[in-house]
Amino acid sequence: MPSDTDPSSSPLPFEGRTIALVGLMGAGKSTVGRRLAEKLGRDFYDSDHEIEKAAGLSISDIFAKHGEADFRRGEKQVIRRLLDLQPHVLATGGGAYLDPDTRAILRERAITVWLNADLETLWRRVQKRDTRPLLQRADARDHLANLALDREPFYSQADLVVHSKDGPHTHTVNAILKALQTWIPQ
């Protein structure tokens, strides 16, 4: 049973909306998203995983065989399809929110939450997986820093910003729940 200090124990102003997590690779969108969905009793979808299922290829293979532009087109279609489902928690790919059409539909049909993490945290996290196509390069850390700078103006357009820090993922989940309780539809 939730306690009085548990943010999930209060009425939720966002019941009819999908919660879409946006941010750079390594921000915790998938891990935190799963835990947030569990806490809210909602389904969880990861757009990258759904793209892989639809294409029958890994993200790396899609990038290698078809290029980033084709990947982004498929990503846009998958996100549109996912937004037609019952309200859920959606982890988007790191570049999804850069596309103006994808960003517009997410802002219209979901509550967007930017999981913002500092560069050191992102770097530590992304080094644990070697499957990220945008980091398959010698200057990967510098490239990640540049991505963070280039993408900040887009991510900052999210409805809410929550800082994703090292430590238990439940802290970030609770920070999202607290931020969601203050959300007022635009």
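Cβ coordinates come from backbone N, Cα and C, glycine included.
TrEMBL annotations: computationally assigned, not manually curated.
The ATP binding site annotation in TrEMBL covers G26, A27, G28, K29, S30, T31, R132. As annotated by TrEMBL, Mg(2+) binding site applies to S30. The substrate binding site annotation in TrEMBL covers D48, R72, G94, R151.
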Expressed in Å to no decimal places, the gap between the Cα atoms of G28 (ATP binding site) and D48 (substrate binding site) is 14
Cα-Cα, R151 (substrate binding site) versus G26 (ATP binding site), nearest Å, comes out at 14
Here the 10 Å Cβ neighbour count for G28 (ATP binding site) comes out at 24
Binding-site residues G26, S30, T31 vs G94 (substrate binding site), shortest C-alpha separation belongs to G26
Among D48, R72, G94, R151, the record's substrate-binding residues, the widest C-alpha separation in angstrom comes to 18
Residues near T31 (ATP binding site) by Cβ (under 8 Å) yet at least 6 apart in sequence within the same chain, in sequence order, are H169
If you measure between the CA atoms of D48 (substrate binding site) and S30 (ATP binding site) and round to the nearest Å, you get 10
Cβ contacts within 10 Å for G94 (substrate binding site), all chains included, total 22
Row D48 (substrate binding site), column other C-beta within 10 angstroms, all chains, value 22
For G26 (ATP binding site), the number of neighbouring Cβ atoms whose distance to its own Cβ is within 10 Å equals 24
